[in-house]
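The active site annotation in TrEMBL covers SER154, ASP179, HIS306. Positions annotated as compositional bias 'Polar residues' by TrEMBL: 1-10. Summarising the annotation, TrEMBL assigns domain 'AB hydrolase-1' to 79-317. Per TrEMBL, region 'Disordered' is recorded for 1-37.
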Amino acid sequence: METPPLSSLQEEGEEEPTVEDSSAFSAAAVPPRPATHHSLHKYAPLDWSAYFDEERRVAILDTDDVFNVYTAGSEGPVVFCLHGGGYSGLSFALAASRMKDKTRVVAMDLRGHGKSTTNDDLDLSIETLTNDVIAVIRTMYGDLPPAIILVGHSMGGSVAVHVAARKEIRNLHGLVVVDVVEGTAMASLVHMQKILANRAQHFPSIEKAIEWSVKGGPLRNVESARVSIPSTLKYDESRECYTYSTPLEQTEKYWKGWYEGLSDKFLSCPVQKILLLAGTDRLDRALTIGQMQGKFQMVVVRHTGHAIQEDVPEEFASHILNFISRNKIGPNGVEIPGLIKKWQH
């Protein structure tokens, strides 16, 4: 059965998406959905343990904050993954399973998301999110961390840039930003409340939420949705249904701070950088000039929606592994001795 057009999924009286609604946040920004079949079994949840090796609780000293962290792999540099707003660490599950033979993968649930608990789950200010990530890395690795590559998707991409720009993480050797550009993101903010309101809000079952995520929502990969979507939901006793566990619509005062000045901050980060984009039309002026000057690598990933790491995990993983290999990033840092040996022969 072919997927119904997006318009047929909308409720009566709901406006058709306009051209200006086509942003990084909107369903209109993504390609056609694959054919799907109505089957509860097809949309049954999948457990994280098939993709990650371990789930850890990282308690931050002298606070009530406890962050949920998924880990995979036992050798190589650490690929530390930060998800977007409304997603969770399991957004990187399929990609992690494809990288863990060559790297260690860590994906945390950010504040207000997944299984993490803090004293203020609605404080999604860029400063707080940045402090959280630095605190988790320090708690996990102390003063002598292994080589780290920060990977951030959407809102998490902004957090990754801010963490790198603070220059407080020792042994940080790479920055991967996934489908977020300041110019497009800032222009999208005026539409974001409408986009959030137009999402399906309540689901009779987790399976129905997973089904909607690939039919009317942001994802294109059924397997990834089956792993990641359950961690973004909570059960509403009063309505006897499932709804989103992260109330993004209540965090509007922080949105501008996520993206303002992001391009210049990204370009200023003193590490190797790559920008993975789902479309070619999203570079703003600062990034266009920076790319022409060779300050970062850009890769356009075709046939994917906004969540590149979920929609095409094999390709996403290969881009990360190629980035690590090309920049000679080993488990403890850039492997200069190997380069010297090559030059001597």
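Every residue gets a Cβ built from N, Cα and C, even glycine.
All annotation found in TrEMBL is predicted automatically rather than curated by experts.
Context for these features, please: burial, neighbours, distances.
Neighbour count (other Cβ atoms within 10 Å of the Cβ, all protein chains): 27 for SER154 (active site).
Residue environment of ASP179 (active site) contains 25 other Cβ atoms, counted within 10 Å of its Cβ in all protein chains.
Using a 10 Å Cβ-Cβ cutoff, HIS306 (active site) registers 24 neighbours.
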Please report the Cα separation of ASP179 (active site) and SER154 (active site) in Å, rounded to an integer.
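Rounded to the nearest whole number, the Cα-Cα distance is 6 Å.
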Sorry to bug you, but what's the C-alpha spacing from HIS306 (active site) to SER154 (active site), rounded to the closest Å?
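Taking the Cα atoms only, SER154 (active site) lies 8 Å from HIS306 (active site).
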